[in-house]
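Worksheet for the structure shown next.
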Amino acid sequence: MAFSAWLTAHYEEKGPVRWLAFALELVAAVTLFLLMFLTCADVVGRYFFGNSVDGTTELTEIGIAILVFAEMPVITWRGGHVVVDILDKMWGSVALKVLGLLSAFLMSSAMYFLGVRIFELAERSLRRDEITELLEIPVGYIVQYIAVMSWATAALMITYGIYHQIIQNRD
Amino acid sequence: ETVLRVGSWLPPTHAQNAVVWPTWAKWVEEATEGRVKVEMEYGLGHPKTMFELVEDGAVDASFSYHGYVPGRFKLTQGVEQPLMGASAEAASVAHWRVHNKYFAKAQEHDGLEVLALFTHGPGQIHMANPINSLADLKSKKIRLGGGVQGELGKRMDVTAVGAPAPKVYEMMQQGVIDGVFIPMGEQKSLRLKEVAKHVVALPGGMYLGSFAMFISPDFMDGLSEKDREAIRSVSGEKLSAMAGAAWDAADKEGLEAALADGVSVNQVAEDGAMAQEFRDLVKGMDNEWVAHVADRKVDAKAALEELREIARSYGK
Amino acid sequence: MTTALIGFAILLLLIVVVRIPIAFSMGIVGFFGFAAVQGLTFDNIADFNWNSSLSMASKRIVDTAQEYSLSVIPLFILMGNLVTKSGLSQELYRASYAFLGHRKGGLSMATVVACGGFSAICGSSLATSATMAKVAMPPMRKYGYADSLATASIAAGGTLGILIPPSVILVIYGLLTETSIRELFAAGFIPGFLGILLYLAAVRWVVWRNPEAGPCGEKFTWKERLQALNGVWGVLILFTVVMGGIYLGIFTPTEAAGIGAGGAFVIALARRSLSFGSLFDILTDTARTSAMLFAVLIGALIFSNFINRAGLPADLLTFVSGLDVSPMMVIFAILLIYIVLGMVFESLSMLLLTVPIFFPLVQSLGFDLVWFGIVVVVVTEISLITPPVGMNVFVLSAVLPDVKASTIFKGVTPFWCADIFRLLLITLVAQISLFLPELLYR
Ligand code: NA
Ligand code: NA
């Protein structure tokens with residue numbers, strides 16, 4: 001089937017993680033496209049029709065959060081975060097692997113504990129009925145989303161991320 | 001000696017940071033006989049975040065604008081309603097008293113101890129090009145902040161453009177916006193005098209903006225009963241009045257700076273055409289607010305009447 | 001001061017030696033540092049109230065991920081990706097090559113100038129570097145330029161973004177110090193162009209030392225050159241729309257990013273260079289790069305909360321005020337502090353933390369605040385390419401995952417030296433900054 005061939009060619013991940021990566025990136029891609037479209041519609045509306053899209057700023061803010069945190073698990077498990085590699089030549093490959101595992105552990109822990117606090121903040125915000133100014137969207141939902149994606153990042157990093165590091169280093 | 005950290009925003013030169021906090025800091029140090037020392041800290045994050053940073057103890061005290069957290073703060077919009085016709089100082093005192101009598105039980109400041117409530121000076125119209133009536137504002141691109149400004153913009157049929165206050169200068173200069181609703185003090189502190197050369201000052205302004213200064217209950221718990229009471233004795237109504245007065249003074253400085261820089265300021269008289277136009281325009285806004293806060297289960301109508309009554313008779 | 005310095009040392013250790021991703025290094029040190037200043041010790045680890053530090057860090061994550069003005073990052077990167085995909089950037093570089101290719105390092109010079117032009121409209125150094133990396137890197141590689149020179153021209157050229165107006169940083173400096181913003185904008189022009197000239201000299205120096213880094217091609221005839229120009233209309237129209245739209249006040253610089261991306265999308269459609277598959281690739285590639293940059297920004301903000309709470313800015317003021325030297329030496333002491341701080345700070349947080357502290361002192365010494373603003377911005381630019389934490393360098397390593405940060409830092413050294421030279425000039429000759437504002441407004 002053409003689509004599954006495309007998916008295999010595009011995603012280095014294995015098994016169900018490949019589908020997960022595709023789903024997350026699809027969310028990010030659609031959001032980004034809508035962000036672009038929204039800004040253009042707002043400007044065109046304001047300039048030519050004297051009427052801008054209500055709540056463009058709010059939707060843009062929510063859009064960035066969706067975009068960034070949909071990608072967070074993917075770039076994290078792929079080891080995509082920016083690293084200073086000045087000393088790489090000095091370290092042996094075993095040492096680099098150990099450092100990689102240490103990083104994975106620290107990153108997962110950080111994302112897990114922050115996720116817990118972010119989720120608590122989201123619940124508090126929902127309890128207090130905090131909404132956006134114009135569209136009156138409950139702010140807490142987007143914060144909950146960030147919390148859930150932080151947990152997803154932690155869980156996938158400590159499992160698939162480490163597996164990915166090990167097979168990558170073996171190649 | 002205990003250090004009380006105040007997290008602040010706005011430039012350090014702004015009246016809130018150059019006058020209000022330092023004056024209160026002096027009061028606190030005197031009242032506690034030097035046992036509590038106030039220190040300022042900038043750059044902690046977005047102004048709206050101050051409410052929660054203080055609640056969770058990341059900083060001990062701060063201030064913020066209620067309009068940054070829509071939904072949570074609805075009753076505080078009472079003082080912002082048009083046609084208050086009072087200075088920031090008078091409105092601030094009324095704000096504090098009415099809050100304690102009517103609004104405090106609705107728990108909008110849940111998790112915080114409120115030190116003071118105050119308002120900025122009356123919001124006015126700052127334009128790149130002159131206008132002769134409020135009807136001229138139709139379809140003009142106006143930067144609107146939160147709160148009652150949105151409703152005003154709707155009634156004036158302007159094209160609303162959202163942006164944080166520090167962006168206003170750039171947007172005015174480039175012509176992305178034709179004007180902005182903001183207090184007179186910003187002619188100086190946001191340097192609008194360079195780009196917004198035409199100001200329409202309605203009598204008593206169009207609206208006010210509600211702010212709170214607050215402190216962490218945990219921090220207060222950590223103090224002795226004596227010091228707690230000392231801090232409270234220099235806060236409340238006294239602090240609210242002082243803050244309002246400082247913002248009034250900033251407006252006066254803003255007006256002077258604007259005039260010195262050649263900004264044309266149209267001071268509309270009480271019976272001027274634009275003042276009448278404005279009164280017609282905002283008819284019924286206060287009743288809409290009363291209906292909007294019905295779920296808070298307080299007597300908002302009586303509160304608003306008392307608020308106006310206190311503010312208008314203040315100092316007379 | 002000690003706490004802050006220990007924090008710095010641990011951060012450098014984690015980033016350089018332990019090799020933890022920079023976003024997480026800064027976040028973790030910032031988090032524990034903040035907790036330590038709040039009273040965390042080894043004895044009370046179990047019953048410490050973590051909520052204040054957790055909330056501080058969580059709020060930075062939640063707020064930064066929803067910061068409207070940061071929408072320029074994904075949208076300008078998207079524009080760069082679309083321009084490249086539709087073949088516009090290759091044509092632009094083919095034209096540049098036709099005119100400049102016979103000179104050693106000609107394309108690098110074109111890149112520096114293009115970065116200067118783009119930064120003039122964009123106002124964000126991060127967005128400039130990210131966009132130009134997408135546009136300039138593939139063609140420069142195609143013509144055999146060394147990665148070190150190619151990336152360094154982009155990273156350095158991208159720093160011009162915060163000096164050539166419009167500039168968010170200059171507006172914020174103006175508001176912090178109550179200095180005229182239009183004078184600051186006017187003052188930024190000459191130092192900005194001086195920056196371009198000195199970067200061009202740096203390119204010359206690099207190819208003089210190592211001709212392989214920027215090989216020269218054949219000389220084109222004028223007929224061939226004019227033919228090559230045929231392909232650049234698309235890019236010219238796009239940039240004119242983006243630039244003209246800002247200057248005519250049709251949209252804000254923030255919105256310009258979305259308009260630029262939309263325009264590039266329309267051009268790519270018109271040239272039939274997009275399929276669903278390639279559009280998906282462009283969008284996901286942009287999203288991945290943006291997420292990496294947001295992570296670094298959030299980490300930097302958490303770290304700056306710690307440094308601020310540890311009282312470093314105030315301690316530095318005490319230190320500088322205590323120096324018994326001439327006013328100009330005080331300025332140099334301040335600049336030295338900026339260069340050191342710039343090694344780990346992101347430009348906006350550095351400005352917010354230090355300017356309110358230093359400007360009253362500078363003012364009391366009788367210096368012009370417009371001049372000081374320009375000096376501060378230039379030194380902040382330098383910090384963007386100063387190892388080990390130069391934000392522009394990280395932007396490039398995020399955008400170009402196959403180039404190592406160390407390669408970029410190595411390539412950037414001559415540009416860094418050119419910047420230091422410019423800083424000296426601007427500091428010692430105030431007229432470079434003050435000539436235009438005095439002519440126009442004083
Ligand atoms: Na710029
Ligand atoms: Na730096």
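Backbone N, Cα and C define each Cβ position, glycine as well.
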In TrEMBL, which of the ranges C:11-40, C:371-400 has the transmembrane segment annotation?
C:371-400
Run the contact check on the transmembrane segment (C:286-307) against the transmembrane segment (C:371-400): 3 or more C-beta pairs under 8 Å, excluding pairs closer than 6 in sequence.
yes
Contact check, the transmembrane segment (C:149-173) vs the transmembrane segment (C:420-441), 3+ Cβ pairs under 8 Å, seq sep 6+:
no
Long-range environment of the transmembrane segment (C:420-441) - Cβ separation under 8 angstroms, sequence gap at least 6:
180, 182-184, 186-191, 194-195, 198, 331-332, 335, 368, 370-371, 374-375, 378-379, 382
Cβ under 8 Å, sequence separation of at least 6 from the ends of the transmembrane segment (C:327-359): give me the contacting residues as numbers and ranges.
8, 11-12, 26, 125, 162, 168-169, 172-173, 176-177, 296-297, 300-301, 303-304, 307-308, 313-314, 316-317, 320, 365-367, 369, 372, 375-376, 379-384, 386-389, 391, 423, 427
Hey, which of C:185-207, C:228-250, C:256-274 has the most Cβ-Cβ pairs under 8 Å against the transmembrane segment (C:371-400)?
C:185-207
Across the domain 'TRAP C4-dicarboxylate transport system permease DctM subunit' (C:10-431), what does the mean pLDDT come to, as a whole number?
83
What residues in the same chain, six or more past the boundaries of the transmembrane segment (C:256-274), come closer than 8 Å to it by Cβ-Cβ distance?
71-72, 75-76, 78-79, 82-83, 85-88, 121-122, 127, 234, 237-238, 241-242, 245-246
